[in-house]
Amino acid sequence: MAQDWQLSELLENLHADVQHKLTTVRKSFKHSVVKGDGAENVWVDLFNQYLPERYRASRAFVVDSENQFSEQIDVVIYDRQYSPFIFHYAEQLIIPAESVYAVFEVKQTLNKQHIDAARKKVASVRALHRTSLPIPHAGGVHSPRELIGIIGGLLTLENELKIPDTLMGHLDHDKADKGMLNIGCAADDCFFYYDNDHQRMQVMQHKKATTAFLFELLSQLQKCGTVPMIDIHAYGKWLTPRISE
């Protein structure tokens with residue numbers, strides 16, 4: 001016998017669950033660092049539960065083959081299927097730049113200060129060097145895959161910029177700017193994303209903002225395709241030379 005379920009109810013429950021967890025974190029933890037960690041964990045858990053298995057979400061630093069590091073990123077969505085290595089050092093996760101699909105700053109509220117902070121974090125990742133090797137196949141090799149555009153965003157519980165035009169004014173930015181935000185969500189009010197078809201930022205107020213945001217993120221990840229084939233030797237050159245016998 002078919003279950004008496006409704007898709008609308010399932011999607012509503014997903015949004016309500018995330019908003020409830022974020023609200024609980026905000027009310028339960030007074031220490032700002034603990035509160036921040038709790039909110040990050042809510043978003044990381046959401047992504048790891050609902051994104052396809054090829055993706056993994058974690059708090060991390062990002063590194064490139066030229067020994068440059070990003071700032072610490074609250075949520076990094078990266079490729080775990082084709083990534084040849086992920087570093088774990090002193091309880092920190094360090095991910096090669098080639099493996100990154102998206103990076104997010106997590107805050108309690110959506111406002112200009114936090115938008116600027118998110119831009120700075122996103123730019124620190126996009127500025128890193130990424131390699132891309134030719135891809136072997138049965139008939140020869142494919143040309144190196146074009147580098148994907150790393151998605152950058154901001155995730156919050158509340159929106160302090162309730163007037164859409166005000167929020168739009170703070171979000172609008174040159175696409176060439178490495179700190180431009182492609183997407184974001186204020187769980188209690190809205191989500192936003194850059195609409196490539198119309199070449200403009202869209203702010204969408206929504207009762208199920210978290211679920212709507214997740215669907216838009218999935219769409220953007222699909223358009224990214226697969227990360228490039230990483231040049232292992234570019235990283236290996238940083239190995240300390242062996243002492244000659």
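Just so it is clear, glycine is given a Cβ too, placed from its N, Cα and C backbone atoms.
Under the heading active site, Swiss-Prot lists ASP74, GLU105, LYS107. Per Swiss-Prot, the feature Mg(2+) binding site maps to ASP74, GLU105; the stated evidence is a curator's inference. Sequence annotations record features per position, and here Swiss-Prot assigns site 'Binds cAAA' to ARG54, TYR82, THR226 based on a curator's inference. Under the heading site 'Gate loop latch', Swiss-Prot lists HIS137, HIS142.
Structure with Swiss-Prot features highlighted.
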| residue | record | Cβ within 10 Å |
| --- | --- | --- |
| ARG54 | site 'Binds cAAA' | 14 |
| ASP74 | active site | 23 |
| TYR82 | site 'Binds cAAA' | 13 |
| GLU105 | active site | 24 |
| LYS107 | active site | 22 |
| HIS137 | site 'Gate loop latch' | 8 |
| HIS142 | site 'Gate loop latch' | 11 |
| THR226 | site 'Binds cAAA' | 13 |
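Checking the recorded positions (ARG54, GLU105, HIS142, THR226) against ASP74 (active site) with a 10 Å Cα-Cα cut-off leaves GLU105. The secondary structure of THR226 (site 'Binds cAAA'), as reduced to three states from DSSP, is coil rather than helix or strand. Of all the recorded sites listed here (ARG54, HIS137, HIS142), ARG54 has the Cα closest to the Cα of LYS107 (active site). Of all the recorded positions in the record (ARG54, TYR82, GLU105), the one with the smallest CA separation from HIS137 (site 'Gate loop latch') is TYR82.
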